[in-house]
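TrEMBL lists 296-305 with the feature compositional bias 'Basic and acidic residues'. The region 'Disordered' annotation in TrEMBL covers 296-342, 349-368. Residues annotated as transmembrane segment in TrEMBL: 61-88, 100-123, 129-153, 174-207.
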Amino acid sequence: MFSTKLDPVVGHVMRSSIFCKSLLLALIIGFLLSLLSEDLYKFLAIRVHGLLPPNFHVWTVVTYGLVERNIVCLVWSVCSVHLASTLLEPVWGPIELLRFLAIVQVATALIIPTLCFSVYVIFYKDEELLFRSAFAGFTAFDGAIFVAIKQFLPDSVLLATPMGRIKNCHLPMIALIVVSVLAVCQIIGFSVPLMVMVGESVAWIYLRFYQRHSNGNKGDMSEHFTWASFFPSYLQPLASAVSNPIYAFLLRMKVCQPAIRHVDFNQLHSVSVVLPDAETQDAERRRQKALRDLTERLNRQKTETSEWPDMDEGEGGGRSETARAHITPQHGSPVSFASDEMRHSVSDYADASVADGKKPLLVLEDSS
């Protein structure tokens, strides 16, 4: 029975790409070797003094991600690699995914020892922090995968709860909170939350400002992918107040580039203007979401009307007191719906179409 439950998992792994299979195999082998040999673990993991002269253990910048001694982190890493192979690799391609992995892992391997050494020099001389603390594992890339999913599918609902809906855009913050709680409970090491936080930050910087796309654009300046969007809605104004001055300073230092608006002058005779790519993507997401909600509500309304008789007219033959929303197609007679909720869905769809410069297929009218 146990083998039967594992069949879908094995099937997914066997159908995955060579990149995914190789990475999973390397993680499992590194986990086993880390448990079998303490000396090998120390040789492959990052230690702050190991990167400093005269040691220069530069190979640990690459190998530290392949050694892991915590089974919880290993399971998370395996799931993250599977998500990357399923969601990101078909869109990015193996080369871009490998580049993303390398940037996150190498940058994390350089940033964390630098932070630890700065704390050692400025605040307190803790020899354990400098000589004994080891950083290893794939959790920096695990957090980075959630950032990429937030960028790619921000509005997909993972779980609906009485307190609200959990979406893909909430994954990076949820991951950081969960690993922090697990570290406090001593289930995982205290280095894991630091690695996740650095990995998510590096991933956001790369995807926001530097990743090149097939259409020639660089980065993603969408509103749903701002730094403040990683925080709950009531904290986003405060986060924006902190991030905006930093972004303005980086622009002056020419570390980042401002968003560029493209206008297609070849199409000016038809008064067609190409809006910024980020705004076009946002409008397309809103239109697709509104259309999906409208379809679900139409199906639900159809089910309800099939179970109950039509009560449009009262006993005296008069019209119902409920105001109806009329949907007037471009060519044809009005179609009425009694649900205000359905009317709002149609309105959202039309507004999203207009925001993207497209003529809406539906026009709303109120009957007298």
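Using N, Cα and C of the backbone, Cβ positions are placed for all residues, glycine too.
Whatever TrEMBL says is automated annotation, not expert-curated.
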Cβ contacts under 8 Å made by the transmembrane segment (61-88) with residues that lie 6+ beyond its boundaries:
12-13, 16-17, 19-20, 23-24, 26-31, 33-35, 40-41, 44-46, 51, 97, 100, 105-106, 109-110, 135-142, 145, 148-149, 152-153, 182, 187-189, 192
Can you name the far-off residues of the same chain, 6+ from the ends of the transmembrane segment (129-153), with a Cβ under 8 Å from a Cβ of it?
27, 34, 41-42, 44-49, 64-70, 73, 76-77, 80, 83-84, 87-88, 91, 100-101, 104-105, 108-109, 112-113, 116-117, 119-120, 168-169, 171-172, 175-176, 179, 191-192, 195-200, 202-204, 207, 220, 222, 225, 230
